[in-house]
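Accompanying notes for the structure given below.
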2 protein chains.
Amino acid sequence: MGLVVQKYGGSSVADAASVKRVAQRIAETKRAGNDVVVVVSAMGDTTDELIELAEQVTPVPSGRELDMLLTAGERISMAVVAMALGNLGIEARSFTGSQAGVITDSAHGKARIIDVTPGRISQALSEGAVAIVAGFQGVSQDTKDITTLGRGGSDTTAVALAAALQAEVCEIYTDVDGVYSADPRIVPAARRLPHLAYEEMMEMAACGAKVLHLRCVEYARRFTLPIHVRSSFSHRTGTWISDNPPTPDLASGTLDEEGTEVEQPIISAVAHDRSEAKVTVVGVPDKPGEAARIFRAVAEAGTNIDMIVQNVSSVATGRADISFTLPKTDGATAVAALRKVQPAIGFDDILFDDSIGKVSLIGAGMRSHPGVSATFFDALATAGVNVEIISTSEIRISVVVRGDSVDEAVRAIHTAFDLDSDEGATVYAGTGR
Amino acid sequence: MGLVVQKYGGSSVADAASVKRVAQRIAETKRAGNDVVVVVSAMGDTTDELIELAEQVTPVPSGRELDMLLTAGERISMAVVAMALGNLGIEARSFTGSQAGVITDSAHGKARIIDVTPGRISQALSEGAVAIVAGFQGVSQDTKDITTLGRGGSDTTAVALAAALQAEVCEIYTDVDGVYSADPRIVPAARRLPHLAYEEMMEMAACGAKVLHLRCVEYARRFTLPIHVRSSFSHRTGTWISDNPPTPDLASGTLDEEGTEVEQPIISAVAHDRSEAKVTVVGVPDKPGEAARIFRAVAEAGTNIDMIVQNVSSVATGRADISFTLPKTDGATAVAALRKVQPAIGFDDILFDDSIGKVSLIGAGMRSHPGVSATFFDALATAGVNVEIISTSEIRISVVVRGDSVDEAVRAIHTAFDLDSDEGATVYAGTGR
């Protein structure tokens, strides 16, 4: 047996009863002979409640102080989980991000990990204790101030610690039992994926799959650390994320319930995302550099653009339309920035459309299989779904469609690529988040 | 102007509105040209809620983890106070006990401060910021684990930091406006004391006055650091605690509202305490060493004994009775310990009486004034109060009386020593805690 890092999210430690259940699970892992490091998020809604408290005091809290405040959340959960383990006769010691050696830059609220020096964790493990570590937090290398890692922070803490400690696996416990071939609320026949390559999971995260954050998968890929996404409510194998499907020696995750090896499909999953909006800049003078001026204006407003399409310029007018997608929440800022440069660039108008959705097909197999695009667009055409923007990578095809066509598009593609499970919806054991 | 350390208790920062009020007060002090360090307790009932959470998970939490858990309370309040100051345009930085350099031993839940190295606080002050420090917590010198200081912890943090930073004064803000000559709920004519010597305040704390903990006054005396106890709900001068009444140069606290200097009375105050019980060991063989065996048994059970009296031994039986007082909460443990040694020592019986009260007269003036004892016991006799145990120091007389005689005894003594205020009850502005 070796070293296992387990991460439990806020819903897994929402109250005392959940904490006790999680402690039981950690105790089992420890008693099976493993060294165990556990990363926890704040209990349930604690973080939201702390943010609300801050808002009662000031509309613009300092980043340093907001981080100091929010890190109280994990401090509570980690101490309580350690106590619950103690109650089961397992020695456990909790550590803040700072104590665990999670060294970051000084960007409060969205700090990046720049080093992990888990000396105290190794010490605790060598003394036979389980180490419980606060997720989402670190300490700034320059200022020694407490920082938080922002979105996906606790998952990233877990992966970073697992990499630094050379753990065998980083287990991410959540309230669904793995990554699915599509959202089971839309496709009841979606199936749990036993394995995904890092880049597939990264594309899925970038395309709206919420189970793992892009950042933590990137980190795991850099260190070739296997991630196992699984449910804290059941003991079944979830989804393994690694370079190659794991061998039976490495873990039980390679075999499905019947003990037969799962064949890696060509196409892995259909993802969708309703969080984006589309901006169309109408009548852009068709001169070199005009598109660059538009995107520079948007970038300087702090917005990340996702997909871009430029219409063929009209010979009559010498003008073209440029459309792009961006997070809905950045819409107002981006449009305002464009209005400012409108006189200088001389385009005609700006259209903002937040009734769109993005649907993506992902699979490492597609790079070596011809005909994927044909099947993809045939399926959409047959379902009567109109495509507004297209973007592709080696292992992904994404389209922007009307928001009310998203479900239909996901279902049509899922069926067209034979992703539907034989077992129907029964495999989905999650709570639907 | 110089350096002021202010400490605000949990009731002063109970909610967002209170935090904003406190921030206003800190901002005033800063704008008046002072360097300001603020020590805060956890907001309102936070600590009790965290203890309750721990109890839901385990009946016997590890001391290390309970300290980790409880210190989340001050982390929240200090960050919120810093944010509220930021909102008033005052730069403020919060620091945990560890960051503030509060170094302790490893006795979780009741750690002693062994060093204070406030380098980061000095740095923040030199950069013009207000430093907000978590009270009640520190970091163990040996294990680097987070510790809590136990009872009176936040006051002690404030005094320790003030001493280490050579502050001019440590202001303890509470919900009463100073230390009174008696509990105003019992003696409506009790008066606020403008000044107390350290040893007077120490005797008062030891005799039941709750406004300051003995430990923090001891610490202040060791460093000759003036303490100013005052209300966070008003701007009036409270009670100064120092070696000598402060000169008008040092602070406004020497002068009362009319601007006349307050004469230091011979006797300062009457304190009372209903938290003790009396144990009587009946029929102890009158041989050398028997009393020692009794007290050793009680001490080994972890109980602190307060007052002791031994009856004159009966010539007929060769036996004596020994009575002593101890905290009510230690009663069961002490009696059990005595039952165990009863056969070996051979005393007759143990009586436990928790219907007692202790009443004490305190004043540095009494050591040089004859007749204090006579006036004291005359007053009790006239009031018909029976005295069960007597104990004295150079600046204190304490008696144990029936619990239902405490109020009467306090009033009689207060009046006999001319402590009643001319203004009556109007001087008492606190909430009665």
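Keep in mind that glycine also has a Cβ here, set from the backbone N, Cα and C atoms.
Residues or ranges marked as ATP binding site in TrEMBL: A:K7, A:Y8, A:G9, A:G10, A:T174, A:D175, A:Y180, A:R185, A:K210, A:V211. Taken from TrEMBL, the feature substrate binding site covers A:T47, A:E74. The domain 'ACT' annotation in TrEMBL covers A:279-364.
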Going by Cα-Cα distance, pick out whichever of the binding-site residues A:K7, A:G9, A:T174, A:Y180, A:K210 is nearest to A:T47 (substrate binding site).
A:G9
Count, for each of the binding-site residues A:K7, A:K210, the other C-beta atoms lying within 10 angstroms of its own C-beta, and report the residue with the smallest count.
A:K210
DSSP secondary structure for A:K210 (ATP binding site), reduced to helix/strand/coil, please.
coil
For the domain 'ACT' (A:279-364), what's the mean pLDDT in this predicted model?
90
Which one of these binding-site residues, A:T47, A:T174, has the sparsest Cβ neighbourhood, judged by other Cβ atoms within 10 angstroms?
A:T47
Conformational class of A:E74 (substrate binding site) under the three-state DSSP mapping:
helix
Specify the secondary structure state of A:K7 (ATP binding site) as given by DSSP, simplified to three classes.
strand
Under the DSSP assignment, what numbers of helix, strand and coil residues are found in the domain 'ACT' (A:279-364)?
30 helix, 31 strand, 25 coil
Cα-Cα distance linking A:E74 (substrate binding site) and A:K7 (ATP binding site), given in Å to the nearest integer:
12
I need the least crowded one of these binding-site residues (A:G9, A:E74, A:Y180), counting other C-beta atoms within 10 angstroms of each C-beta.
A:G9
Between any two of A:K7, A:Y8, A:G9, A:G10, A:T174, A:D175, A:Y180, A:R185, A:K210, A:V211, the residues recorded as binding ATP, what is the biggest Cα to Cα distance in Å?
25
In Å, rounded, how far does the Cα of A:Y180 (ATP binding site) sit from the Cα of A:E74 (substrate binding site)?
29
What does DSSP assign A:Y180 (ATP binding site), in three states?
strand
